[in-house]
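Everything below concerns the one structure shown next.
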Amino acid sequence: MAAVDDLQFEEFGDVATSLAANPDATTINIEGPGETLKRLGPPRGSGREEDDELLGNDDSDKTELLAGQKKSSPFWTFEYYQTFFDVDTYQVFDRIKGSLLPIPGKNFVRLYIRSNPDLYGPFWICATLVFAIAISGNLSNFLIHLGEKTYHYVPEFRKVSIAATIIYAYAWLVPFALWGFLLWRNSKVMNIVSYSFLEIVCVYGYSLFIYIPTAILWIIPQKAVRWILVMMALGISGSVLAMTFWPAVREDNRRVALATIVTIVLLHTLLSVGCLAYFFDAPEVDHPPTTAVVPNQTIVAAKSS
């Protein structure tokens, strides 16, 4: 029969110390199956690296869901619309930088917008662009006719209202039409990428920022310089739109996808070229030539006999 001292419990110290004292001792690791899986982690090389680079990672989707949970106020309340302007200066500058320096193969929405789409940046970008086009158009007209004695400068305030109508109509109506078209195509063809109306408005708003410095430089009274500037601005902003909306239509019919991207770029081209032609390259007004007043003279003709 075992002695009483042999049946007493004994506390052991650190496992490493015990193994150092008795290397032949046997140890048992009691660990749940879930702990082993946590240590191993998810398998790598799943073949989704290309899609992750193009569309972003799962963190942006989680942030989007959390952001969607915050927007739970009724639409008639001030808190509902306040969320659309809940953005800091760093985010606005980062999105502006992304619209000026598009990265090939990267999605603008996934990289900059999806975590928190806003209307603050697009609203003020459009407002600044309106005044930049109107003021620069007036200054351009003044510089063209500078030095003409018969020219009298009159500020054209109507250009502000015309520019505001064109810019805001483009920044809202075109995204609305594109959003409806994408919804209709998604009901027929399941696409991997889908955008909300707010995200599309945000993309179009930030893509117009490049035209603010371009409109200021349009004051230069050289048509060649103006057309070079408009082509550069069109190339930068058009590439942002094309690379953003191509993933949303690439799973569709090839002709439909290409026609959608071409239409987006053509409408953007029409906006830039139309603003340049109307506000800066307007035909000059022909001033009627001044007639010199000649005093009446009596001409006496001698009749020959």
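Residue numbers in this text run from 1 along the chain shown.
Cβ coordinates are placed from backbone N, Cα and C, and glycine is handled just like the others.
Residues or ranges marked as compositional bias 'Acidic residues' in TrEMBL: 49-58. According to TrEMBL, the domain 'Yip1' annotation covers 100-272. Look at TrEMBL and you will find 24-60 tagged as region 'Disordered'. Residues or ranges marked as transmembrane segment in TrEMBL: 119-140, 160-184, 196-221, 227-249, 256-280.
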Stretch in 119-140, 160-184, 196-221, 256-280 most in contact with the transmembrane segment (227-249), if contact is a CB pair under 8 A: 256-280
For the transmembrane segment (119-140): best-contacting stretch of 160-184, 196-221, 256-280, by Cβ pairs under 8 Å: 196-221
Tertiary contacts of the transmembrane segment (256-280), as residues 6+ beyond its ends and Cβ separation under 8 Å: 133-134, 136-137, 140, 159, 162-163, 166, 170, 174, 178, 181, 185, 207, 211, 215, 218, 226-227, 230, 233-234, 237-238, 241-242, 245-246, 249-250
Per-region confidence, the domain 'Yip1' (100-272) (mean pLDDT, whole number): 90
